[in-house]
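For reference, the structure is listed below as structure tokens.
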């Protein structure tokens, strides 16, 4: 019969394989969720903010160009057209800033947003003054305001917006690098657990084969019992041995002769 420890070892081995398999599956799912969350944050949050700050800077550049055209041109029709474009850009920037103000929560980025709001108020104030002077025909005074007051604040606005864009890009790059490192660690861990499962399966198979081989070696090679026991033949005589083979006749005759010659 088989060794009693074989089923116990087999049960423990299969249980360990099942636990390792379940742990590997849970770890894989957890890492996939973490990776998905990080990618979602990069694509739907960080990169979106980078694009918004880029658009904000482009709009500021367009506003500066429209304001310069209003001051330079003496044509009222051109001034009205450029002023309409300027108003559209300012409205677009207002929407972008409102969206960014709701989504930016990181402390350093929040400080940049506060600086943008503060500088934007001063920038719009001097810009409107330059446009009003140009519309009244005071182009020289408008040019003075444009160069002396609007341009420094415009440069400051560009710097603050560009710094905010760079900050968001740096945060996105940092998160991407952390995601890559986390994915690499998870891959190595899953590979190690998979290797452990394979080694445990091989060990379990080898141990079971060894125990079963040992158990099979102590069993009789064939069926045993009284019905299969070799039958003995009846004793046929003094010259025939019990196993049924003919005895040595010459040896038996000498024994009888020696017995007769004894006194």
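In case you wondered, yes, glycine gets a Cβ from its N, Cα and C as well.
A TrEMBL annotation is a machine prediction, not a hand-curated record.
The domain 'Chemotaxis methyl-accepting receptor HlyB-like 4HB MCP' (5-180) scores a mean pLDDT of 86 in the predicted structure. Residues or ranges marked as domain 'Chemotaxis methyl-accepting receptor HlyB-like 4HB MCP' in TrEMBL: 5-180.
Here the transmembrane segment (186-206) has Cβ contacts under 8 Å with residues 9-10, 13-14, 16-17, 20-21, 23-24, 27-28, 31, 35 of the same chain, all six or more residues outside its ends. What TrEMBL records for 186-206 is transmembrane segment.
Sequence annotations record features per position, and here TrEMBL assigns region 'Disordered' to 216-263.
What TrEMBL lists as compositional bias 'Low complexity' is 218-229.
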